[in-house]
Structure formats: structure tokens, C-alpha cells
Amino acid sequence: METQTIIQTAESSLLHTYNRFPIVLDHGEDVYLYDTDQKKYLDFAAGIAVFALGYSNDAYKTAVKEQVDKLVHTSNLFYNEPAAKAAKKITQLTGMDRVFFTNSGTEAIEGAIKLVRKYAYNKDGRTDHEIIAMKHSFHGRSMGALSVTGNDAYQAPFKPLIGGVRFAEYNNLESVKSLITDRTCGIILEALQGEGGIYPASKEFMQGLRALCDEHDILLVCDEIQCGMGRTGNMFCYQSYDILPDVVCVAKALGNGLPIGAFLCREECAALVPGDHGSTYGGNPLVCAAANAVMDQFEELNLTAHVKEVGAYLYEQLEQLTAEFDCIKDHRGIGLMQGIELTIPVGDVIKKAQKEGLIIISASGNVIRFVPPLVIEKKHVDEMIAKLKKCLQ
Ligand SMILES: *Cc1c(COP(=O)(O)O)cnc(C)c1O
């Protein structure tokens, strides 16, 4: 199909929930994407922090292809080897004891919400438990996940949402404390807020939350869907705060493009039992084979060390850019999850960047978000900065 025909065909049938860019992506190579007109783009979005390994990782591709030939799906009425292996690996990497595999990040959040409620229910039999979430957070679009997402515009048309959710100020421990009641069963947050505008949590805040949760027997839920899987230079972002959450949600880069997410917990809070939760596809052999290949590649390529190095370089370069351009108001982030806040509309810069052959995305608050494949090299950072400069001039 011609590019314009593809776009028209899509627009004539897809529910219009996205304002898509008029680009039809065709294939990827290394850390570059090509559209149907063979235009080449440097990819600094990675399909929204998903394609960690880039587009030319042979070990990943082979693992997925071999599993397609072997067995794609079994249902969870039976065991399968890729899921067993993936479960072992992801629990070890997170420091958690138990995992439930989902098909998306949103579903991981749904599971985590059910888990914290069930944990509290087991203690006191009440059904009026409360969850504290953060303002400017993002946890997904289903009714449960939306209920803990601190964004009024996303929530407004869909009320009533699930009850008992209170929103605290991010990085403000007193604000969280003031919302705690004898019904609070969970506190959920991203250690580095992504969609909300690239805001890292302070050490005092994370450690303060941990202490608060210990004191009140509240479960601390870390949404690592975007900031996890090596993106900040640690396998999981909370690991840089010297704390262990009770529940961890993962997705995005876990499957490197295949739909797999997970929620994990410590043994003491593994409150869900047969009949409480389920998923037909969740953790099927195909997606788990992908996740295994991803986790193996992290080790093989020593990706977290690589992210620390290239992330620090990106940080320096963006600091320089911020000093150079008045239209950049602020620069924040960790590793390969950084953002610059602009005084000019980010939408215009993003469109200009596409013309220059650079894919970047936005985050809330007029922020350009940099979440490239984790395998990018310093030369790609240089290329991105050169292209971005042209767009800001
Ligand atoms: C993307 C994202 C989600 C939702 O994940 P989906 O796979 O889109 O359902 C939840 N939390 C955070 C922090 C995210 O970035």
C-alpha cells in the first residue's frame, strides 16, 4: 500500500484515540527506524521506552522465532518452561519472591491494586481500604489504573472510578503522612515519574515512604514500568534508593516489544490465591521467551553499566544545550530517561525533529522526553543533539 493509503485506511477504521504523526514506520535497524518512503530516523523514543535492545539484536530475534515454531500459547492451566525461567529471573532481578505475568503495564497495576487490597482484607476483613497515589503520576488507562493516575483530564469523563484513592504531592513526605488513615493499604508511585514530566523522587522521599509503610504495615508499590529494566542505569530505579518495595510492577522493556508485563511481591504479602486473579495469555511461552532473551541480553551486554555511561554523557550534553538555549527552562532525569522542559511548544519541536530524521516524544508539562534504546552509543547522542539544535534554532 502507498503511504497515504495506509494512513487513510487506518483513519477510516481505527477508533480515533490518538493524534498520530503522518509517518508509517516500516522497519528498524540498529537504533534507526525507516518509514515506508525509506526516510531514516534516529530513534530516541524506543516505542515509548520499550525497545531497549534496539532493532538488530539477533539473540532476541532468534529466541522469539524459535519459540513461534515450538509453542506460542498454552493457557495457565499448564506449566511452560519459558515462564518458569522468566519467573525465576525476574524475581531475582527485582529482589521479590513471587511474580504474576500480565500482558501490559496497565494490567500489572490492576494486579498490584488487587494484591494490596487483598493483603489488607486478610488482616481486618474490611472492604473500605484506601490507596495513596501521587499527583502527576501515570499508571495506565483501565478503570483501576486510571483511578491511581494523578491526572484530572484523564479521569474526568470516566467517573466514578474505584473509590478510596487519595493523591499526595510527589516528593513531599508530609503530604503523604497527612493522607494516611487506619484504612490505608498501599502507596503507589514511580521512583522516576515518566509521562508526568520526568520527575525523579528524592532519596528522603523514597526512604521516608519505606519507613512510613513499615510503621503502618502499608504495602509500598513501585511502578517500574517505564523507569525500570535498566533505564536509569540500575536494573530497577528503586535500587538506587537502597530500599526494597513490597510490590513491583514491570512492563515496557521487559518484552522488548512483545506484550508482557508483571507484578511481583515479597512472600509475606503474596495475598492472592487460586480464584483471585487470572489471565488467559499472561506469561505465555512466546512472550516469556522474549523476556528471557531480554534479561539474558542485559547480562551479556552489561547494559546497566552501559546505560550509566551513555546516560551520563547524555546528561552532560543536555546540560550544555540547556545553558545554550533560552527556550530550555529545565533539564531533569536519570540514565537514559531524561527530559527538557521548554518555553516553546514541544509539539512544534517534535515535528521539526521528524523532518530532520529524529524521533523524540513529549511528556506532560511541555517536556521533551528522551527514552532511546538502551544500546545507543555516544555517537548517537551527538547525532541527536546536532539534530535537536537545528530544531531549536
Ligand atoms: C506505560 C506506563 C504504564 C502503562 O503501561 P501499558 O503497557 O501502556 O499498559 C503504567 N505505568 C507507567 C509508569 C508507564 O509508563
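Each residue, glycine too, has its Cβ placed from N, Cα and C.
Remember, it's a predicted structure, so these values are computed and weren't measured experimentally.
Summarising the annotation, TrEMBL assigns pyridoxal 5'-phosphate binding site to GLY105, THR106, PHE138, ASP223, GLU224, ILE225, GLN226, THR280. On its own chain, GLY105 (pyridoxal 5'-phosphate binding site) has HIS139, GLY140, ASP223, ILE225, GLN226, CYS249, VAL250, ALA251, LYS252, GLY261 as residues at least 6 apart in sequence with a Cβ closer than 8 Å to its own Cβ.
With a cut-off of 8 Å between CB atoms and residues at least 6 apart in sequence, the same chain places THR106, THR149, TYR154 near ARG141 (N(2)-acetyl-L-ornithine binding site), listed in sequence order. For ARG141, SER279, the entry in TrEMBL reads N(2)-acetyl-L-ornithine binding site.
Secondary structure from DSSP puts LYS252 (N6-(pyridoxal phosphate)lysine) in a helix. Packing around LYS252 (N6-(pyridoxal phosphate)lysine) is summarised by its Cβ count: 27 other Cβ atoms lie within 10 angstroms of its Cβ, all protein chains included. According to TrEMBL, the feature N6-(pyridoxal phosphate)lysine maps to LYS252.
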Q.
Quiz question: given the binding-site residues SER279, THR280, which has the greatest number of C-beta atoms lying within 10 angstroms of its own C-beta?
A. SER279
Q) Roughly how many Å separate the Cα of SER279 (N(2)-acetyl-L-ornithine binding site) from that of GLU224 (pyridoxal 5'-phosphate binding site), to the nearest whole number? A) 21
**Q.** Of ARG141, GLU224, SER279, THR280, binding-site residues neighbouring ligand 1, Cβ under 6 A
**A.** none
Q.
With DSSP assignments reduced to helix, strand and coil, which class does THR106 (pyridoxal 5'-phosphate binding site) get?
A. helix
